[in-house]
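Database features, via TrEMBL:
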type	residues	note
TRANSMEM	A:28-48	transmembrane segment
TRANSMEM	A:68-93	transmembrane segment
TRANSMEM	A:105-129	transmembrane segment
TRANSMEM	A:171-192	transmembrane segment
TRANSMEM	A:212-232	transmembrane segment
TRANSMEM	A:239-262	transmembrane segment
TRANSMEM	A:282-311	transmembrane segment
TRANSMEM	A:323-348	transmembrane segment
Amino acid sequence: MTSSLIALETFVGFRWLPADYWDLSIPVYLYLAVVAGGAYLAGASAWFRRTLGGGGGRLEPELIRWGFLIAVVSAAGAGLAVMSHLAVVYRALLFPIYLTNFSSWITIGTWILVILSVIATLCLVLALFGEDAADAGDGDGRSLWPRAVVAKVGVLPTVDRLVDRVRPPTGALVALHAVGVLFAVATIYTGFELAIVETVPLWNEPVIVPALFLTSGVAAGVGLTLAVTLLFEREIGRLAGGYAVAVGVLSGVSLLIAGIGWGEVAAGGMAATASYSALTEGTLAIGVLVVALGLAVALVVGVVLGAAAALGRLPEPVERVGGPLLIGSFGLLTVSGLVMRILFLLAAEQHPVVVVA
Amino acid sequence: MSEQWMFYFDPNRCIGCHACSIACNQRHDRDADEDDWRTVTHLERGEYPDFQELPVSMSCMHCHDAPCEQVCPPDAIVKREEDGLVTVNRDRCIGCHYCAWACPYGAPTYDDEGLMSKCNMCLGEGPGSGHGKPPKQKPEDGGLKPSCVDNCVGEAIKAGPVSEVMAEASETAARRFENGAYNSRVIVEPMDEDSAAGMDDVADASIDANDEGAAAVPAGGSDADGGASDWLNG
């Protein structure tokens, strides 16, 4: 009795299905959705600290503003990216009518992204307009972008009054921000969108892929928020240090999860092995290096520099270069998160046709 | 659900002539440059004189567990209760291509509009035509025989309700199907002794490949019957 594997041919003969299957817009969508979640978490945590913890520092309002703003922009970008890929956009826009299969992660994800977008926009408007915001900046706070845009249109006082008039009580605001946190974490769905595809072993990791997408995306979202904030607030205080540590730890966890997943793929079956080969040979290997470097640098810089700043033990010479270091490393982290998702699609191999004799 | 309809394939009888895929295109008025609903893949291995080729004819298998249906966000893909056929309502399709990744057989195709179409076992003619049609009838009851089945010169492809296809299959193929081989999505005849004998050299040379590929072979797909051969993941 002979058992052998013969006549093998990958069922889909390309590493990358033709562009009309899934193109670059998909990794962009998968990434920006979680970055939106991460940026929202940065803004909301600063808001909770300021509102409930009595934090009156200069950094909280900036983290709140940039966090919610990046969340809104990223969520919008994610929506545009995924719609640019669809054949019939109006049906997607009418998602409450058309997307009725709630066992599909695209349907679930659409609702999560839309609700997160709405909550982030509300939080941004409430943080950006009103008497408090006017007091926070120079003069009437018109220097605070994007308040400046509204000021230029000439309706800033009106918008401030309107927002103050409709501003909910603190209890309701706490509830709103808390619900937003839930939906920000729920952007883990981007990982499940790939993880349930049984034909692609690189993706079909129901724990590793969602966990990796969440931690790396949230790290990038929080890191991006902190980096943009530090562009304008050069000083690395204790609060910024705390956020930097959080980004570093999330990057480290992402690195760990990616390492476990890497081992699984390397030891997998035929299609997994083909994915592994694609990731270790040729141009995709450069991308793997970028991802590993981005996560590792963010881990080291975030934890070491962040911990020193959080403990108030940042030496003066380091303090001068600390801002640019954090901005640079978190910028690289942001790029590496996108590269990671592109790699996930470029290296996807479907199970081959197998003949066993 | 009434009895599931399904395809049957006998690699021993397939000569790789592509009559099935061409007949499919004609029945459904598909242009030559469009992706085929039924494909014939020529699996090759080795070099002359130790060269083997195996033609494999594939299309949508109308899986009982239809992975495409499960991921389709707008419920455009329907697993019909009445005959188990998987049809597409193109009036709901958003063209997200999620079904293409979920399908183990690469069955979904996309036209210039970006909408999905695939085999409907000739329930209707043309993309999306099977959706909403009355239950599939057998030819003796006035139903249309799938054009691939009708035009297969070697009778390598058959289609029908599970019980009838099972009755026509060999005992080995039927037993394997019942044991859940290929997730019970399709009935495939084992390769006969002559064909299997021709693979002996390959068998010796592919021990490593067999080990590597073990995970790619579905549960129940390993050879438990000696000499028999199977194909398709799933």
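Quick reminder: no glycine exception, Cβ is built from N, Cα and C everywhere.
Model, not experiment: these values are computed from the prediction.
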Contact set, same chain, for the transmembrane segment (A:68-93): CB under 8 Å, 6 or more residues outside the stretch: 22-23, 25-26, 28-29, 31-33, 35-37, 39-40, 43, 99, 110, 113-114, 116-117, 120-121, 123-124, 127-128, 146, 184, 221, 224-225, 228
Contact call for the transmembrane segment (A:28-48) and the transmembrane segment (A:282-311): at least 3 Cβ pairs under 8 Å, seq gap 6+: no
Maximum Cβ pairs under 8 Å to the transmembrane segment (A:171-192) - stretch from the list A:105-129, A:212-232, A:239-262, A:282-311, A:323-348: A:105-129
Beyond the flanks of the transmembrane segment (A:212-232) by 6 or more, those residues with Cβ under 8 Å of it: 30-31, 33-43, 59, 62-63, 66-67, 70-71, 74, 184-185, 187-188, 190-191, 194, 240, 243-244, 246-247, 250-251, 253-254, 257-258, 261, 295, 298, 302, 323, 326-327, 330-331, 333-334, 337, 340-341
Beyond the flanks of the transmembrane segment (A:105-129) by at least 6 residues, Cβ under 8 Å: 33, 36-37, 40, 43-44, 47, 61, 64-65, 68-69, 71-72, 75-76, 78-79, 92, 95, 99, 144, 146-147, 150, 159-160, 162-163, 167, 173, 176-177, 179-180, 183-184, 186-187, 189-190, 192-193, 196
Residues from the same chain, set at least six apart from the ends of the transmembrane segment (A:323-348), whose C-beta lies under 8 A from its own: 15-17, 22, 24, 26-28, 30-31, 35, 194, 200, 202-203, 209, 212-213, 216-217, 219-220, 223-224, 226-227, 230-231, 234-236, 240, 244, 247, 251, 258, 275, 278-279, 284, 287-288, 290-291, 293-295, 297-298, 301-302, 305-306
